[in-house]
Amino acid sequence: MRPVSVWQWSPWGLLLCLLCSSCLGSPSPSTDPEKRAGSQGLRFRLAGFPRKPYEGRVEIQRAGEWGTICDDDFTLQAAHVLCRELGFTEATGWTHSAKYGPGTGRIWLDNLSCSGTEQSVTECASRGWGNSDCTHDEDAGVICKDQRLPGFSDSNVIEVEHHLQVEEVRIRPAVGWGRRPLPVTEGLVEVRLPDGWSQVCDKGWSAHNSHVVCGMLGFPSEKRVNAAFYRLLAQRQQHSFGLHGVACMGTEAHLSLCSLEFYRANDTARCPGGGPAVVSCVPGPLYAASSGQKKQQQSKPQGEARVRLKSGAHPGEGRVEVLKASTWGTVCDRKWDLHAASVVCRELGFGSAREALSGARMGQGMGAIHLSEVRCSGQELSLWKCPHKNITAEDCSHSQDAGVRCNLPYTGAETRETWYWDSGNITEVVMSGVRCTGTELSLDQCAHHGTHTTCKRTGTRFTAGVICSETASDLLLHSALVQETAYIEDRPLHMLYCAAEENCLASSARSANWPYGHRRLLRFSSQIHNLGRADFRPKAGRHSWVWHECHGHYHSMDIFTHYDILTPNGTKVAEGHKASFCLEDTECQEDVSKRYECANFGEQGITVGCWDLYRHDIDCQWIDITDVKPGNYILQVVINPNFEVAESDFTNNAMKCNCKYDGHRIWVHNCHIGDAFSEEANRRFERYPGQTSNQII
């Protein structure tokens, strides 16, 4: 089985150098280190494993918080500057993609650009302190020349003893190794040390210890084991103990934070009177069926969950949202830490938190911000049990939305990028008709044709492929604007020729007495925000955009939105659609620059933090309701309805409103994004009896 790496989330790794930059030796003996004001207040260290004393993941302490550097645009010149900050003469190389293990906490610098001559990293160009779109899987490292700067003395470095560290933790089944279903939930606790895997002595082992181990391996809780069985089994097996005296409080995010002791090389009597530590973990609902423990699930609170994750690229990660007064809202990142993040992760059926994310790292939410300054001990069963501050309008903004990355069980399911895969040597198609909801852990869990596939021919043309990405766009419609701008217009037919050519009218318009008469149109504005972590771009390149002579513009997407009028039971009585004739940044947030503009056949798209406005007075920004009878209806708008462009979250692409039409006027109210309400509030919306008058309550 694949072990889980502690270094992935441990800022307390093996540290051989911890240097205060204000007291470092300078690049030449003639320079006074106390005058290096650029590095005042910063501290540098090398971390990670395995490594030598002069190499490792670069970590910087700023404002009392340790963080890392992203490898985007990182060069040897930047490594030179950082090695001098660390007290070495120069760099001989640098590493990317978290070679020394992912760090934790903030990513302090991104797109770092140095010439190599700077006296301090603060003199290098970057995106600014704490401004990054990276993950810790992109942490940069350096390899310094093993030669100290002239004038560098031992008093400038805090040496940490070369003690052992827990690198990774795994559960090894006591019997049936390699034949147990994944994920493995019960077995011997093993830790990987520099000389290999070792077991842990169970003397003094507690439920708190098991809770921490299970959390690291992606499980929300633990249960008692059959101690007698494992004691009997231990008598028949050889053991290699490397760790003892483990004492956790139960709130730690990983084992390296617990009090523990390592056996010395000359210890001959190891774990006298004891045996190997054993844990039995309880998987969350998402993993219970595959582990065969569905019937043994811990009791869950009745009713709808009050915490959820949105916009993550993987299970167990995303922006944290909480349910309050039947409405979903976000959490402000003030005082957000691993304890609070772990409470969220375990509440949702995952393990402890791998990262507590701040600064809207998982995209910005929309609507209410419900909580701020959440302070958890780590023992709470729900985030709502933690002390917190109720938010006020001036307290926080969505640029401070909190997020999490949780530890997940290893299931053996891996996605392989196959877009450029040459399938010329493939002789069998094993799956067809695949239909997924997006929450499945593997393709096997999606609906498909079963053993009888419909592909009769093989070859590249008939095989599916994917391009994987850690980030994606996330489009949301400004529902309040729809409600504010909706109105009816009776538009003469002689002004609708272009609209008819683009199929923006009901089918009955074909038999109308052109150019006489009119069509009744429900008009409204659509303001579409990109709140994701990547720009929204049309699927097709400019070379394949379609020119429409009548309106005099290109269509980058044939269908960008669907507009429908539905009866309360969901029957469609009128429909419309909008092609994306111009996807551009109409306006942006204060700190975001426009990137896309349609003029002069420019590039089309919507930048993260910007929105595209389709005003109510442009062609096809309507639904033809000429044939709709008076009554109570639902107005529905769906963005990107055919899923042509990847998004991190499709559940928020639909917007619904209640509306009453009396044959002359229309009242639109209660507009909301499809996933903004609780399940009960959505049921009330669907059961809405309609208005008997124009008085909206």
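Using N, Cα and C of the backbone, Cβ positions are placed for all residues, glycine too.
Values in this document were obtained by computation on a predicted structure and should not be read as measured data.
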Field: Bond partner of Cys144 - disulfide, per TrEMBL - picked from Cys70, Cys83, Cys214
entry: Cys83
- prompt: If you look at what TrEMBL says, which of Cys332, Cys345, Cys455, Cys468 makes a disulfide link with Cys396?
  reply: Cys332
Query: In TrEMBL, Cys134 is paired in a disulfide bond with which of Cys70, Cys114, Cys124?
result: Cys70
- request: Can you sort out which of Cys436, Cys455 is the disulfide partner TrEMBL gives for Cys446?
  value: Cys436
Field: Per TrEMBL, the disulfide partner of Cys406, chosen from Cys345, Cys455, Cys468
entry: Cys345
Residue among Cys114, Cys201 that, according to TrEMBL, closes a disulfide with Cys124: Cys114
Residues in the domain 'SRCR' (169-282) grouped by DSSP into helix, strand and remaining coil: 21 helix, 38 strand, 55 coil
Task: Among the disulfide-bonded residues Cys124, Cys396, Cys406, Cys436, point out the residue whose Cβ has the most other Cβ atoms within 10 Å, with all shown protein chains included in the count.
output: Cys406
Query: Which whole-number value in Å describes the distance between the Cα atoms of Cys332 (disulfide bond) and Cys386 (disulfide bond)?
result: 14
By Cα-Cα distance, the member of disulfide-bonded residues Cys248, Cys345, Cys396 nearest Cys386 (disulfide bond): Cys345
Statement: Within 10 Å, the Cβ with the most other Cβ atoms among the disulfide-bonded residues Cys332, Cys446 is that of Cys332
Task: Find the one among the disulfide-bonded residues Cys70, Cys124, Cys134, Cys144, Cys446 whose C-alpha lies closest to that of Cys345 (disulfide bond).
output: Cys134
- line: Long-range Cβ list for Cys258 (disulfide bond), cut-off under 8 Å, min separation 6+ in sequence, same chain only, gives Asn209, Val212, Val246, Ala247, Cys248, Met249, Glu252
Statement: One of the disulfide-bonded residues Cys83, Cys134, Cys396 has its Cα closest to the Cα of Cys436 (disulfide bond), namely Cys134
Statement: Whole-Å Cα distance, Cys83 (disulfide bond) to Cys406 (disulfide bond), is 33
